[in-house]
Amino acid sequence: MHRGGDRSTDPSSGPAPGSRGGGDGRFGRGPSRWSSGGGGGGSGSPPHRFSRGGGGGGGDGGGGGGGGGRFHPYRGPSDHSGGGGYRSGGGGEYGEPGSGPRHRYGSGRGDHSDHDNRNNYVKLFIGSVPRTATEDDVRPLFEEHGDVVEVALIKDRKTGEQQGCCFVKYATSEEAERAIRALHNQYTLPGAMGPIQVRYADGERERHGAIEHKLFVASLNKQATAKEIEEIFAPYGHVEDVYIMKDGMRQSRGCGFVKFSSREPALAAMSALSGNYVMRGCEQPLIIRFADPKRPRPGESRGGPAFGGPGFSPRSDAALVIRPTANLDEPRGRHMPPDSWHPSSPRSAPHQFNNFGSDNPMAPKGSTVTSTTDTATFRPQMFSGNGSLSSQTAVPSSSHMGMNPPPMAQGHHLGGQQIPPLQKLPGLPQNFPVQLQNNQLGQPLQGPAQQIGQLQVPQSMGPGSFGQNRLSGQLPVSQPLMQQNASVSAVQVPSAVSNSMQAIPGQQHLPSNVAPQMLQQPVQQMPSQAPQLLLQQQAALQSSYQSSQQAIYQLQQQLQLMQQQQQSNLNHQQPTQGQPVQSSNPGAPNAIIPSNINTIPQQATSPAVPLTCNWTEHTSPEGFKYYYNSITRESKWDKPEEYVLYEQQQQQQQQQKLLLLQQHQQKLAMQQLQSPPQAQTHPAMQPVQQIPQAQQGQQQMQMKQQELNYTQLQTPGAIDPSRIQQGIQSAQERAWKS
């Protein structure tokens, strides 16, 4: 297709004076977006489509070269002199050839091809450009530092709105470097929220032979400034630039780039700080890698979206760092090993960090960025580098069980050796003693089949068994491992319990390869079973508490009957003298209280008024009740008021006793839930206070017998709850007989 003479006038006549297309015009446009100028018409072949400049004139004799291009204040007159086809026009004026379409930015370059020109220009990426900015706002700023070939504002293909960034092309790399040094983070365009970012576009620096020594730094404090970051890296060499990556709200993403003047200080800073230095306000050390430039993927051309072609969207800049920084900013332990960031393969890091390099400020819209945090950075230690499942997978990760995770670096030193399951869970024994203690508090007197630790070995496992009947079978197998692991020594199981478990057929001789498989699910189920165990123990304690309350109430009724009988017997046996006779055994009710309530203080049970009355109640041979006064020897059929008050006082006393008993039972139940069983035996061994001297000897004998019964709980031999119950019953019977 011929484009050279589409808009040209007659070749022989030349351009009209003052016309934009002639040699006298100052401004012109090229045939395409990337080139300008065009060859003249005439008898020769049509000019090259992408040629710059070209000979004007017509016919067989070509005139002077028509270079063209707009004037800018940076270049001197020598750059625009005529001749040679470089910015030359007829008569030495700044114009373009008389024929050929006009280029938008008009940079005549003689007869060079487009391929050569593509290798000469340098493309810069400009960030933080206002969405309302135009080319006239951007171009003058950059023309102060060199010859601007083109300014391309990036717009959305669907909406047509600007994306807040643009590309600027310079003719030489020196001009581009000059613009970067003068404008990067130093100039704010009108209407912008912050200074513009000026840096090389994708692959431009490498294409021109310049190498940038830039580090990608993660785990930065989001409140840190560029100055604070520079102070961290300054001791290792001259820091040329610090760039903090920010989101759409201008908030730091916790990562950025630090540029050094040479490779040696950059390497020294990375070796000294990566994995070792923790910034103030952060929980994990810095993660530092070289910010290698992005390399084109196979099948991806430089004109594609990643290199500023059609379909490019700067919004994907936000997608570049959101995923890695979201993973990096999450706390994963107080100390992270230095090698936790190493990728699975030595060459994977450059490709994964290329998206953050200096030469890739943005990526195509909707592009997927693969970061090392997804594959290798925080890869569970049970996986090897090649993604295969290693031998460490027998036990699930401790982070799923609510325990303190082991150091991540252990996975690198384990290799392929087989590790015992209990050694790989150092946090596991922290849960075992709690469950043992809680289980030891639950119902030690219900039957001989249950033992103190609720480790019910016979057939069906109780609620206190580990892992619901599966982990209990592993205890005999893993018993040598428990002895080897120092952290498991907190689990103190009586020898009778362990011996009885070893004696069970079918559970002792389990194959060794079954143990890891059976340990997987029970260990994960233990935290969820703890509340169920506590609820079951609480229900059992409540039932035992209710039964004890009923027994106490029956004892109180019997106590009242015995008091009345004793009082009546004393009244019948009294001598007939005139002196007042009082009850000779006021402390008898306290002496007959069973041993399980012997810790109630005497002061709380004694009423304010002495429980004495001269009237007693009797029954006549006919079956009628009458009342007799032992002092006046008076008998009445009606109940005397003095006797009515006496009965009320007795009722109040009984109510107070019942309340105190209930409170005491509740306290004991709470202590059983919170303290080990050894501490439970002490309340039962406390002696009764303020007992009459006549009964102290007998009470001491009862307490000694109780001590003998309860000390059997602490012996490592076989424990029979029926013996404990028999001891309590015998103590109660002796108390009644006294």
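Each position is counted from 1, following the chain as shown.
A Cβ is built for glycine as well, from the same backbone N, Cα and C atoms used for every other residue.
These features come from Swiss-Prot:
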type	residues	note
COMPBIAS	52-70	compositional bias 'Gly residues'
COMPBIAS	81-98	compositional bias 'Gly residues'
COMPBIAS	109-118	compositional bias 'Basic and acidic residues'
COMPBIAS	301-311	compositional bias 'Gly residues'
COMPBIAS	342-358	compositional bias 'Polar residues'
COMPBIAS	368-377	compositional bias 'Low complexity'
COMPBIAS	383-401	compositional bias 'Polar residues'
COMPBIAS	575-594	compositional bias 'Polar residues'
COMPBIAS	683-706	compositional bias 'Low complexity'
COMPBIAS	723-732	compositional bias 'Polar residues'
DOMAIN	122-203	domain 'RRM 1'
DOMAIN	213-293	domain 'RRM 2'
DOMAIN	609-642	domain 'WW'
REGION	1-118	region 'Disordered'
REGION	292-414	region 'Disordered'
REGION	566-594	region 'Disordered'
REGION	670-738	region 'Disordered'
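Each residue in the domain 'RRM 2' (213-293) gets a DSSP state, and the totals come to 22 helix, 27 strand, 32 coil.
Per-class residue totals from DSSP over the domain 'RRM 1' (122-203), listed helix then strand then coil: 20 helix, 27 strand, 35 coil. When averaged over the domain 'WW' (609-642), pLDDT in the model lands at 82.
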